[in-house]
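Lifted from TrEMBL, the feature list:
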type	residues	note
COILED	1533-1562	coiled coil
COMPBIAS	24-33	compositional bias 'Basic and acidic residues'
DOMAIN	126-208	domain 'S1 motif'
DOMAIN	224-291	domain 'S1 motif'
DOMAIN	314-384	domain 'S1 motif'
DOMAIN	400-474	domain 'S1 motif'
DOMAIN	491-558	domain 'S1 motif'
DOMAIN	578-647	domain 'S1 motif'
DOMAIN	754-823	domain 'S1 motif'
DOMAIN	974-1047	domain 'S1 motif'
DOMAIN	1066-1137	domain 'S1 motif'
DOMAIN	1171-1245	domain 'S1 motif'
DOMAIN	1277-1346	domain 'S1 motif'
DOMAIN	1366-1436	domain 'S1 motif'
REGION	1-63	region 'Disordered'
Amino acid sequence: MAYTEKEVRRRPKFNKASKKAFKAKKEQNDAVRSEAVALQLEDDVPDFPRGGGSSLSRQEREEIHAEVDAEFEAEERNLKQKKKRKGLQKKSYATEDDFASLFGDGITGKLPRYANKITLKNISPGMKLWGVIAEVNEKDLVVSLPGGLRGLVRASDALDPVLDNGIEAVVDILPRVFHVGQLVSCIVLQLDNDNKEKGKRKIWLSLCLSLLHKGFTVDSVQEGMVLTGYIKSIEDHGYILHFGLSSFLGFLPKNSQAGVIGEIEVTTGQLLQGVVRNIDKTRKVVYLSSEPDTVSKCVTKDVKGISIDLLVPGMMVNARVKSTLENGVMLSFLTYFTGTVDMFHLQNSFPTTSWKDDYNQNKKVNARILFIDPSTRAVGLTLNPYLVHNKAPPLHVKIGDIYEDSKVVRVDRGLGLLLEIPSVPVSTPAYVSISDVAEEEVRKLEKKFKEGSQVRVRILGFRQLEGLTTGILKASAFEGSVFTHSDVKPGMVVRAKIIAVDSFGAIVQFLGGVKALCPLRHMSEFEIAKPGKKFKIGAELVFRVLGCKSKRITVTHKKTLVKSKLGILCSYADAADGFITHGWIAKIEKHGCFVRFYNGVQGFAPRSELGLEPGSDPSSMYHVGQVVKCRIISSVPSSRRINLSFIIKPPRVSENDVLKLGSLVSGVVDRVAPDAVIVYVNAKGYSKGTIYTEHLADHHGLAALMKSSLKPGYEFDQLLLVDIEGNNLILSAKFSLINSAQHLPSELSQFRPNSVVHGYICNLIESGCFVRFLGRLTGFSPRSKTLDDYKADLSEAFYIGQSVRSYVVDVNSETGRVTLSLRQSSCSSTDALFIQEYFLMEEKIAKLQSLDSDESENWAEGFSISSVVEVKIQEVKDIGVVVSFEKYNHVLGFITRYQLPEYNYAIGYASISDYNTQKFPQKQFLNGQSVIATVMALPSPTTSGRLLLLLKSISETETSSSKRAKKKSSFKVGSLVQAEITDIRPFELRLKFGIGFHGRLHITEVDDNALEKPFSNYRIGQTVAARIIAKTNSDNKKGYQWDLSIKPSMLTGDKLITEEFDFSIGRCVTGYVYKVEGDWVWLTISQKVRAHIFILDSACEPSELCQFQKRFHVGKPVSGHVLNVNKEKKLLRLVLHPLFAASDEVLDGEVSKDNMVNIQYENIAAHIREGCILGGRVSKILPGVGGLIVQIGPSMHGRVHFTELTDPWVSDPLSGYHEGQFIKCKVLEISHSARGTFHVDLSLCCSVDGFLSHDSKKSCKDVPIKCVEKIEDLHPDMLVQGYVKNISSKGCFILLSRKLDARIRLSNLSDGFVDDPGKEFPLGKLVTGRVLSVEPLSKRVEVTLKTLNENAPKSEIENLSSLHVGDVISGRIKRVESYGLFITIDNTKLVGLCHVSELSDDHVDNIETKYKAGERVAAKVLKVDAERHRISLGMKDLYVLEGDDIEETSKQVTDEAVRVEDLKNDIKSISFPDISSLGVQNMDVECENAELPNLAQAESRASVLPLEVTLDEINQSDIDNLVGGNQEHLDVADALVEKRKRQTKKKAKEEREREISTAEERLLEKDIPRTAEEFEKLVRSSPNSSFVWIKYMAFALSLADVEKARSIAERALQTINLREENEKLNIWVAYFNLENEYGNPPEEAVTKVFERAVQYNDPKKVYLALLGMYERTEQHKLANELTAKMTKKFKHSCKVRLRQLQSLLKQQQDGVNTFLHNTEECLPKRKHIKFFSQAAILEFKCGVPERGRSLFEKILKDHPKRTDIWSIYLDQEIRLGDVNMIRNLFERATCLSLPPKKMKFLFNKYLDYEKSVGDEERIEYVKQKAMEYVEATMA
């Protein structure tokens, strides 16, 4: 009996010392506990003596019992008084007898009333428990214990540390040693403190065998005992086991553990159970066996003197029922011990109220020990059948599942309900506590719920050890959107209750019981100091889920997020450009903000997208945790990157106002920020710009000085736009950049190698400097190219923002990298701009500083440059004279000594530093020292009136190789030279000219025309005249190498033709073959340009294609037309024949990729047009009549239709082709799809125009029957040929041509009867027939294979003419069909039909059981149709006995009998409207073996009704009186007929005439219900027939009334009986097809119908039906999505996974191996053989046969004796036809050791195969081998 948590609170606790019950009142509790403990400590007497006895005397027992009774009576009185005061009417179930312990009863001699159970209150350290592992983690285990408790096992407590590498190794190996569902014995180590939350105390366990086996010795171990140990080491012959004790070890031989761990990887430390087989006490070794059956059935022997310490949980014992208790059974076992079994561990999982009847006293049972409490000596047992068999009970339900029809098995008064949940495959017990029964308190549970009633329950939790689930019946449990962790979705808004508040946040609980964390930052929009004040425990608030990782759920209470109406971003795949959503700032950096979204998604908003004012700091405007509205700029889901913007609507600037990088603007200073100057920009569309401090000047010191002098309002005349960040302009006032603005690069293509470009340093690292130009264009200068002299630290030589001149060393367009050099030797200034900017900036700063002083506001105006002023000498010095001015007393002047009249020198200014050397140590100059300088600028206002010079030491760049440069300067590109040949190579000549100059002459530069051997006329040492056409770096990197040309056009031309890579599509070029590799021939067109030609583009004749390698030898000149140009790799693709006019439609189609050379072919089909003759290679031979797939390009294929293979047509056109064969084909048609791809149709027929030469055309045989391409060319009675395309029970379809099919009904297949159409008309068979009818509009052609009437045999015509209506004939039944009998007439070859309606006067229910083929019968001829060669017969008694009387009426029914024959082939004898649009052909859901739908049965079933002639007006007794006796008793029959004839003759004749007339009219009208009323009558007569309803729907569709068809479908679903599940499913399938055809939109409409169908039918069948519709309508994308969904939903379904595998193989998708591997892990092992055998068959049919062989071999490896698998394997190999492979497989199979019956089967199969091959020698070999096997068996 189970107890709820509330009931446990009401119950008095068990004292661990005495097992007595006591009240939860503190004073009495303490008193009783202290007395009991004192008694135990003082006497040290066992509290639970074996056998129920007591060591106390009788008097002591009576005193103790009286004392206990007095205490309970006092407690009961107090309890009653309290209840009276409170006015409660509840009855207390806790009486003295209810909880009397075994100890007390032992004293008094009474039996206990209740079984012992483990609860959180009475569990104590030292208890031994049996449990099942629920979770396996890396660092701990979770164990499910008895009573629904859960314990934790630390990694260090899971195993004894006996491994060599200690505990750390145990932690790593933990997940491999244990698995979920494993039964383990454990011992309680400790419990959490009692002051923790109730029900949440943690139980810490240990699995160490040293604690469980404490007290075990080698002497206490007995043979037959089951011991648990773990593998200590792995030896050659077995495993050494350790039992946690040092006194003995165990040994388990390897041959005895195959059944246990045969399929599991053996690991040191792995736990194993074994049965003791032998004990070697000398060596102290126990030998064990671990066979599963033996271990599970082994019972512990009754050993005398066994101690309780030797009892281990999980031990199996023989027990005897001692008595039944209120909530269990008391058992005695091992002579001395007693134990109890509670209600949840009985043998029956669903014990009713009469469960005690099953446990009579002294009944023998097998039980296992569940728990042992050494302190109280209490033992719990289990009778659960799963646990008794040493297996964990299975659970077939999931938490959160809802079951509508759960049965109440038992009602426990005041406690709860036991339910039986209808789970699959077996029912599951569930217990519902009284507190979970209803929202309000239930006082009388037994009145509200009755045994056997049905309730609705939701699964709340598991008790895994008992195999029991806990449930809840409260209505609120079904309403909550979140019940389990799987229900939680990121972004969902939920209501939750606060249950705890701490410093890290709040713990909240959803209505379903799931808990989540609200972090402190998400408790409010702003940071709160005291969260406990805002969040009150128990309050219900609204939250939004942030994420759910594992079982950890985080939520937010930020108001903006909770109330946000914007979309939710919970995955990187959902991040679409322009998507606007809310997020919260996770981190703020100087360059931007990191923003976090739901489910851990994170993005970054750069500084330019934050909407900041120029110069402001992001942290001043935003704070961490702030909710922001973001717009996604771009995303890269693969790298998990999202770029954001806080500017939701970016300002738009018109195209005319957009500023380009490098533009010059003016601006006015707005304010001066700490690290930048903010200016107003005078440009449309922009307001502000930023000038960073480093960009105020080229000189570092002047930039800082300029910034300190700037005031708001100062105007910059010229500012350079270097970058744009959002709406903010990044400007520069550097004079060097402004002066060279037009030459600054903004794109990679604007760089020119060997040029010098101005820039500025943006970053410094140890390995070099990054130099930036316009925008984000950056180059890198490696450390080796940065300084002329090595320096340890680059930061000492450069600073970030420094103006530099950079030399472009290399530009790599592929990687987008620019390599620069900053060496002064290659980057020195060539002008005086550096010092000019210095003086200009100095002047500006002086003006700015002068504005601050009040004095001499106008003194500078009096001193203009070049003006003459009067001065007074103030002081004379060695270096010059100081003078003063009369007008300005405070101003002094200075005249240098060299400007005095005696010298008359001019003063010039030169800079001793440069852009790149500003931080270098400067060279010192002395006064009077001579220097060499170049005048760069004369005095002018732009130079501040100064003469500017450039020192030679700054500008000098001449290096040590200057002499060599001078020597080389005499030659340049375009020069004519006399060169001497030094070497002749295959494709170039090596030459030398001048003094030490080397050059090369490419093979294409010899002559203007392509020669066969261009170097044949040249010798080494020969001198030739050549022109230099290019200069390139030499191979040895020590200088330059020159490219030369000796073409006549180059030598005589005045102007040098520079080679540029400019090849147009279609241009004819010539090159030389330099290699032939694979399917490509490679040409060299020039020194740097290459080309290649594909093998199939080189010829169209197969013989030439086979000689591809020989035709193109190295050095051969080849001309071709350019098909494709790759400028980056300078590579051309050529074809030998001219191209057609380029079509945009082709070029914009599929752009394929050549896998060999990884080149995109933009003009992939420019050389292919309809009518072209091409060379091709057979890529794949399609099965059936699929034809061939032919490769016609590197990545382009075409298809050859089955009818275009040979001309004339032959019976097996594919026999002459094999994969890899070269063929000649003609392009018939190029079609384009909507996706941009194109399909090419090819032909191999020799009669195609242009395919063969004129002579070969003459040799072609004349074809007597033309191949008809168009339906307009067909006419009735025309002879046609065709290949069988498809065969079914109704006939077949044949291929007339590439685009034309025809149908042949079954009745038109042959003049005679066709027994097996599939066998007589296999796929691909060539047939000749005659056209019956042609419908050009619907493109339907009807063909017959029957011969014309005039060709009928004369004998047959004569026999037919000898028969007359009314003749009575005799014959034998040739065939029995459902619609009648075919009878062969004696002495003729004629066959007549006796319709089922003409067999008997009585209705014939089952014609097959009444008549058999070969039986002799008598019949009457009813009609002879000479034109159609048909005879109608009748076998009714009236016909045979009274031919004269009814001869006249028989003539009227002949039409009916004649027309009924067509029922076998076509349902149109009841010609309802066409219902193909409803998918009736697939109406029945596929069976488990994937057979074809049972449509024929459904049609025949539905077709019976209209053909039955109702005889309501005829008296049944009259019909019974029409006696039909056998011919042996004709006289008796005649007498009876004559007697009745006088009474009924007239009436019977009239009724019969009316009956036949009605049938004839219905047949004449083809029995079509014309109106809705007729259909209503039909559905009323057959309300459960899905076929009739579907016909009705088709009728509505024929009237274009779609809504009517929908309403009919809804009526059908409501009308058809619930038990007719298949009939309902047919309607759903028709509904799918209806919505797929007419829904708006179809996909959404089908989805809605599908969701309804899943609720009312078997979900798997509905899914399969929808999948069939998608596949039939070729909606492959939807089919793939549905298949993936089905695989997840029905992951254990073999059929679903086979359908997905079939889809993968048909669509030739990748991932088959991965899918098979995943399936092996997901499917139950019992389904492995079925799945992998079917998968192997699929691989053989439409996949890779080698993969199918691997699957069969895998199955046979584990199950070598499965002859059915061998048979399937052999059948598949026989179908492929590899003789050697088949015989090898037979040899393997017949060498197995199998029973004689199976071997006979294999030998017979082997013999049949050899007979089919026809090899007599092999037949004798098989017979001989079979005889050898028989002899060996007999011996």
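Every residue gets a Cβ built from N, Cα and C, even glycine.
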Go through 224-291, 578-647, 974-1047, 1171-1245 and flag the stretch with the largest number of C-beta pairs under 8 Å relative to the domain 'S1 motif' (314-384).
224-291
With helix taken as DSSP H, G or I, strand as E or B and everything else coil, how many residues of the domain 'S1 motif' (491-558) land in each class?
7 helix, 36 strand, 25 coil
Across the whole of the domain 'S1 motif' (224-291), what does the mean pLDDT come to? Round it, please.
82
Quick one: DSSP breakdown of the domain 'S1 motif' (400-474) into helix, strand and coil?
7 helix, 38 strand, 30 coil
Is it possible to list how many residues within the domain 'S1 motif' (1366-1436) are helical, extended or coil according to DSSP?
7 helix, 36 strand, 28 coil
Could you give me the DSSP helix, strand and coil counts for the domain 'S1 motif' (314-384)?
7 helix, 37 strand, 27 coil
DSSP helix, strand and coil counts for the domain 'S1 motif' (974-1047)?
3 helix, 38 strand, 33 coil
